[in-house]
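Engineer: The structure's right below; bear with me while I get my questions together.
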Amino acid sequence: MSSGAKAGLVSADVLRKEKQELRKHERSTKHLEEESRNAQTVFRDKSGRKRNLAQEQLEQRLKAEAESKREEQYAKWGKGLAQERQQQQNVEDAIREMQKPLARYIDDQDLDRMLREQEREGDPMAALIKKRKAKENKEKEKPRYKGPAPPLNRFNIWPGHRWDGVDRSNGFEQQRFARIANKKAVQELAYKWSVEDM
């Protein structure tokens, strides 16, 4: 039978022997039962090695924190760093303006500077001020080459402002441009020849 006892008509001696054997077996496995009741589950990976779940959870938490920091930084970059700085500057300006008194007098330097920077329609001096500002900005620009058009080069770099206009190269650039033009012409001719009979 499923219990291990013999089925059918059995004598009392055989039954006693079977019961004794079952009790011995139960006693021998009782300590295993007690140990397994208090045992903790052992988790293993595919190769059969024991897994340290606490370490894995710690690693996952650290990974999630790093990911969240990176996402936060990308979100910050997505909004625009310059726009964020400008918004912060606007808030600081507004706070500064709120701290000033409501009544402003003629000796207020901020008010004076703000009024001077405003451009008014019909101001006869506005054109002169614009010219002066343009002249100041123009002086800061680097000098550029102003002679005849220089020969092309493969990097499209304009010559320096001190160049005297004499081409002292070994002709490599011109040969390169000629090869490129020749290759393009051959390709165009091959294409025209291939679709000629269509």
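Including glycine, each Cβ sits where the backbone N, Cα and C put it.
The feature compositional bias 'Basic and acidic residues' is assigned by TrEMBL to 14-37, 58-74. The region 'Disordered' annotation in TrEMBL covers 1-92, 118-156.
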Engineer: Just give the helix, strand and coil counts over the compositional bias 'Basic and acidic residues' (58-74), going by DSSP.
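Structural biologist: Reading the DSSP string over the compositional bias 'Basic and acidic residues' (58-74) gives 17 helix, 0 strand, 0 coil.
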Engineer: Going along the chain, which residues at least six beyond the ends of the region 'Disordered' (118-156) come within the CB cut-off of under 8 Å?
Structural biologist: 163, 165, 167, 173-174, 176-177
Engineer: On the DSSP side of things, how many residues of the region 'Disordered' (1-92) fall into helix, strand and coil, could you say?
Structural biologist: 66 helix, 2 strand, 24 coil
